[in-house]
């Protein structure tokens, strides 16, 4: 439940309609933007910039537009120390990616065979799946991030130093996480006549 509540706040702060957003509802709805950007990037840097890279940059810029820093985003993604993911969300990573610990990948391949396991759940953190701690960052440093979108945070880029810091200093991680959660709660906050305190959560008054 803790993981679900954290995820609900994180996703709802941007869309303000979590009930109609599967996974939230269409987690991949932004891919049309990536598909449009990719040909333009290829003209300038053929076979250099991957779609993954474009997604990371797009997410960074979108987050900055909402007033979030790279540190905020890394801290918020640290909530992936809790919760589970369906096999289809990481099957590409455990079968085809190279930036993953071999033993970690093998363990998950046994749990998530190529066929018939799409909806099977696996913990995001194998070691302490039910504890909110900084083990997420240790996992990334060991190439044991279950989701590729997590592992790219520790990939020789600008967020590596934040990962190192949170791995060394769990108190700093908790402090930054709390501050970032407050920030996202204030994103798009409605006030005055625009706001509404609902009597029933799933429906307007």
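Every residue, even glycine, has its Cβ placed from backbone N, Cα and C.
Annotated Ca(2+) 2 binding in TrEMBL involves 125, 128 plus, out of the candidates 81, 171, the residue 81. The distance from the Cα of residue 87 (disulfide bond) to the Cα of residue 125 (Ca(2+) 2 binding site) comes to 14 Å. For the pair residue 81 (Ca(2+) 2 binding site) and residue 112 (disulfide bond), the C-alpha distance works out to 20 angstrom. Between the alpha carbons (Cα) of residue 112 (disulfide bond) and residue 125 (Ca(2+) 2 binding site) lies a span of roughly 16 Å. Rounded to a whole number, the distance between the Cα atoms of residue 128 (Ca(2+) 2 binding site) and residue 80 (heme b binding site) is 11 Å.
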